[in-house]
Amino acid sequence: MYHIWIKFLAAWIFLKRFNGVHVMQAKAPMYRNEPFLVFWNAPTTQCRLRYKVDLDLKTFHIVSNANDSLSGSAVTIFYPNHLGVYPHIDDRGHFFHGIIPQNESLTKHLNKSKSDINRIIPLKAFHGLGVIDWENWRPQWDRNWGSKNVYRNRSIQFARDLHPELSEDKIRRLAKKEYEKAAKSFMRDTLLLAEEMRPDGYWGYYLYPDCQNYDYKTKGDQYTGKCPEIEMSRNDQLLWLWRDSTALFPNVYLEIILRSSDNALKFVHHRLKEAMRIASMAREDYALPVFAYARPFYAYTFEPLTQEDLVTTVGETAAMGAAGIVFWGSMQYASTVDSCQKVKKYMNGPLGRYIVNVTTAAKICSRVFCRKNGRCVRKHSDSNAFLHLFPESFRIMVYANATEKKVIVKGKLELENLIYLRENFMCQCYQGWKGLYCEEYSIKDIRKI
């Protein structure tokens, strides 16, 4: 009778803590015992090599490529002209490779892509982020609105030229069918090729999934941040893409109009919430790792994020259970010695310290509650709980001398800190582990890997 009661109590605790929702296992982190990673994906090589300005990325727990380059062993991003023969129209109106996917050879594209991957990522054991940045068109016909409507018009004309005998209604239906078929083949086969060639990488498309919650400019105080239901439904229809991805790369870029506002948090939160939803539906064995793209400065400016907006971006991403965040930047960051010094000052100030705060807090929570076999995620995704070091218990200290700079975190969790974490966070176990605290090793789950 006693054992039955214990089992009942354990089940009740499980349901209460997890709100009755099954939490999928997560893929183990890219680096052991690093539940939340911060990447640097900005072309700042010139700061180090030309201007002799070290941005101190490593000091502040940031993963970067050699010489802080845009692409390398940690993260490689493929723009339209870097991978295969991607059909599109650029921002200047120049046409490339047949413009629409059904007007270009997929075989030619894949052959060129193979050569490009070997050239750009020569290391076959590549274990970093492989990000394909194709934003000119979307694979779903109904999502090619605004400036992207040109791809629908071109597809209709393409179908009309091939089948002049058909009615306009049939031509439009055929154009949609042929476009979506070709777009799917281009995106899916490119992804599968990359994964076959560099199987240890984390592959996916930048800005997928999207949420289309950009109406903060018009809604003002009425803005909710929620993804429109039609867009969530359209994301569901991209299951073929999620199943073939090994990582998701949504973005949480903040425009300056959102600076230190409630709308900023709403915007970021719901984009991440949608990404985490997609991550959990993509596979049956584990949730895909989510790496959110962010900017350390407000979009289209060189103004650094406020402390509040660092919490909104970095803090929210970690608390929601993402595997990491990727800081993207432009050539402006390294355009002059003054630009480099500005980035360095921000890195040595609020940005670097907050990154250390969150990455350390995530690591401590994983160690204390999940036995290093899982990461801490919010029990209630809409809560305002964050993975922060408790200021009354921890101190972040930066030491520097003529040869090196290092960050040391001193302190320990107090009882009230443990209570806060237990009340607000739960464990998402890595593959092969289960239990409330990821304390049970499961050979069955390992065999699924």
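Using N, Cα and C of the backbone, Cβ positions are placed for all residues, glycine too.
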Cysteine from Cys370, Cys376 that Swiss-Prot links to Cys365 by a disulfide bond: Cys376
The disulfide recorded in Swiss-Prot for Cys370 goes to which of Cys340, Cys427? Cys427
Reduced DSSP state (H/G/I helix, E/B strand, rest coil) at Glu135 (active site, proton donor) is coil
When secondary structure is assigned with DSSP, how many helix, strand and coil residues does the domain 'EGF-like' (427-438) contain? 0 helix, 6 strand, 6 coil
For the C-alpha pair, I'd like the distance in angstrom between Cys370 (disulfide bond) and Cys438 (disulfide bond), rounded off. 5
Which of Cys47, Cys227, the listed disulfide-bonded residues, has fewest other Cβ atoms within 10 Å: Cys227
Starting from the Cβ of Cys365 (disulfide bond), draw a 10 Å sphere and report how many other Cβ atoms land inside it. 25
Using the alpha carbons only, what distance in Å do you get between Cys211 (disulfide bond) and Glu135 (active site, proton donor) once rounded? 14
